[in-house]
Structure formats: C-alpha cells, structure tokens
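Asks: Heads up, here are the entries from TrEMBL:
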type	residues	note
ACT_SITE	H83	active site, tele-phosphohistidine intermediate
ACT_SITE	E186	active site, proton donor/acceptor
BINDING	82-89, 95-96, R132, 186-189, K197, 213-214, 257-258	substrate binding site
SITE	H256	site 'Transition state stabilizer'
Amino acid sequence: MATSSSHATFGSLQSSYLNKHSPFHKGTAMIFMTKFERPTRFDAIRVFSSASPVIHPVQLLSNGTSDATRKKSSESALILIRHGESSWNEKNLFTGCVDVPLTQKGVDEAIEAGKRIKNIPVDIIFSSHLIRAQMTAMLAMNQHRRKKVPVIEHNESSRAQEWSEIFSEETKKQSIPVITAWQLNERMYGELQGLNKQETAQKFGNEKVHEWRRSYDVPPPNGESLEMCAKRAVAYFKDQIEPQLMNGKNVLIAAHGNSLRSIIMYLDKLTSEQVINLELSTGIPMLYIFKDGGFIRRGSPPGPTEASVYAFSKKLAQYRQNLDNMML
Ligand SMILES: O=C(O)[C@H](O)COP(=O)(O)O
C-alpha cells in the first residue's frame, strides 16, 4: 500500500514506496518506510548486514569516552537530516552545489528537527561543505538536551588546524566534532543550477526533468547523476562514517536530498528502480540503529508533542534516563 507520511510513528511502520506517478510536491514530507512486524519495546530487528568498510578513523576531539568502552558497544545511532528549506528551495530553483542559506522556514524546520533528536546521543557530526546543511546541524544541536557544543573541525591546512586547536581537555569533552566533507555535498546539478524547476519542465518536458531529478543513472546536462553522486557520498560513508559507528560512536549526518538518497539506497539496499520513488522532506530527521554490523531503519523520531515510544532501543532508553537524571 503506497502511503506517504511526514514522519514515521513507531509500531506498525507501513511499507510505503511512493506511487511512482505521484507528483513531487516541493516541501511535501515524503519518507520511505519499511514494513516490520510491530517490535516489542526494545526489539532490534536485523534488516540486513552491510559490508564492513576499510577503517580510516577520522582524527577527533577527545570526547572523554575511552575507545575500549566504545568497542564493547555493538549498537550506535545514526541520524540523517536533509537541510531545512533553503532560499532556492523557496524560489523552486535547482540548487545542487550552489551555496545558499536557509530561509526562516528552513531555520524553523532545523529547530524542529533538533526537538525530535534531543534525547538521542550524538558523538560526532558530519556535514557537507554547504552552509544550508551546516546551519541545519548547528540549529538542530542547539535543541539537544546534552548541551555539548558542536565544533567545526578545520583541517583544510596545517595553519587552520593549528589556529583552531582547543587547549582544554574539559572543554573538548563538552564539544562534539563536526567534520565537513565535500563528498556529502548535494549532487552537482550542472547547467540546471539556478534555473527554475517549473520553467525547466516546461522547456524540456516533465518526463525529462523527472528523469534528471529522480533517475539513478541519467545526469542533468554537464551535471552528476545520482549514481555519480553515490560514488563519492557512499564511498565517504563507508570509509569515514561507518568506522565511527563500528566504534560505538553515535553519528548525525546533515546533508542534502540526493546525497542522502544515495546513502539510504546503500543502507536499505534499494534498487535503481526503487530509489526513483525515494523522496526526502526538508528538515525531517531519520533514525537508524547500527547494530552488529547491520542498519535497522527506525523512521523519524517523533516531535516532543507527538505520542510515541520512550526510546527506540534499550541503549537509547538508558541514555534518555541518564539525561532525565542529569547524569550526563
Ligand atoms: O539541489 C536542489 O535543487 C535540491 O536540493 C534538490 O533538488 P531535487 O529535489 O530536484 O533533487
């Protein structure tokens, strides 16, 4: 049954590959969900196991948790957030790798996203080089109950690294490293960047524009196809992000509609056919539990006013309890 929802409530998540003829409505909250049996409160459902990546751990600020402790933990949280509405989303322009800010609505969406993830642990944040994704990450983390400060790491030169060093171990413990990577940038939309999506469809036809926007292997003129975007985004995920999850670190990725579609295609093993129907709304976080090498999709954590389960796993329940008891 094809249904669309602005967020997944826990419990009987419905399989909802969007009907491929459904029009793409800008800003419509569409999230792909997978059907599971209704898990018990702390069930972890193995969906599939992922290939184990080559490990190139990123140099991180120390966050006061010994790696030995983390290595024992075989569960970590992965949160994916597409940036909030950007100025060019609002104008319905193809954006790609053009670096535009959030609108006020996008800022509000980022804050709302933060309220949805405020009880979920985040040890490291990955974002693209584009300000709309970085703004979303920072605004969302402002809502987090742990109140650690996200600190963008500057390794672009030895001087940048030297001049941005933190000399207090305690301050480092109260910080969350933010790693920015061009590999997580939005797919480069080539000669469509800056064009109005509706006018482009009138000029080239709805079918052609939908193919450029949603097919797997058809690139826009002098731009990247989703496949080309996946080659850099998924490779970066496997090389730099998955090792952190394997080390028990909880990860937040703030990125873009298509760089995240390519990562979700990897996480959920979608075919190039299935990914055509995958649409991500702006600013709605999606949670995965990484456990014993496999990714379990948990849908979108509910907002503070929405009824839902207390936590999505035993470990997340314990973390939230510690927050409640101000033990963190
Ligand atoms: O780059 C853009 O224009 C948007 O971020 C995503 O556009 P799309 O939904 O057309 O892929």
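FYI, residue positions are counted from 1 along the chain as it appears here.
Cβ atoms here come from the backbone N, Cα and C positions, even for glycine.
Those TrEMBL annotations? Automatic predictions, nothing curated.
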Asks: Would you mind reading off the Cα separation of R82 (substrate binding site) from H256 (site 'Transition state stabilizer'), to the nearest angstrom?
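Replies: With the alpha carbons as reference points, the distance is 5 Å.
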Asks: Taking the Cα atoms as reference points, how far is H256 (site 'Transition state stabilizer') from G96 (substrate binding site) in Å?
Replies: 9
Asks: Cα distance, E186 (active site, proton donor/acceptor) to K197 (substrate binding site), nearest Å?
Replies: 16
Asks: When you measure from each Cβ to the nearest atom of ligand 1, which of the recorded positions H83, G96, E186, R187, G257 fall under 6 angstroms?
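Replies: What lies within reach of ligand 1, judged by Cβ under 6 Å, is G96, E186, G257.
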Asks: Please report the Cα separation of W88 (substrate binding site) and E186 (active site, proton donor/acceptor) in Å, rounded to an integer.
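Replies: So the alpha carbons of W88 (substrate binding site) and E186 (active site, proton donor/acceptor) sit roughly 13 Å from each other.
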Asks: What Cα-Cα separation, expressed in whole Å, is found between G257 (substrate binding site) and E186 (active site, proton donor/acceptor)?
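Replies: Just about 7 Å between their Cα atoms.
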Asks: Which residues of the same chain, at least 6 positions away in sequence, have a Cβ lying under 8 Å from the Cβ of G96 (substrate binding site)?
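Replies: The answer is E186, R187, M188, Y189, G190, L192, Q193, G223.
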Asks: Translate the DSSP assignment of R187 (substrate binding site) into the three-state scheme.
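Replies: Where R187 (substrate binding site) sits, the three-state DSSP reduction gives coil.
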Asks: List nothing but the one residue from R82, K197, H256 whose Cβ has the fewest other Cβ atoms within 10 Å; the candidates are the recorded positions.
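Replies: Among the recorded positions R82, K197, H256, the sparsest Cβ neighbourhood within 10 Å belongs to K197.
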Asks: Which entry in the list of recorded positions, E85, E186, has its Cβ near the fewest other Cβ atoms, using 10 Å as the limit?
Replies: E85
Asks: Please compare the recorded positions H83, R187 by how many other CB atoms fall within 10 Å of each one's CB, and tell me which has the fewest.
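Replies: R187, out of the recorded positions H83, R187, has the fewest neighbouring Cβ atoms within 10 Å.
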Asks: Test of understanding: give the count of other CB atoms lying within 10 angstroms of the CB of W88 (substrate binding site).
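Replies: Excluding its own Cβ, W88 (substrate binding site) sees 20 Cβ atoms within 10 Å.
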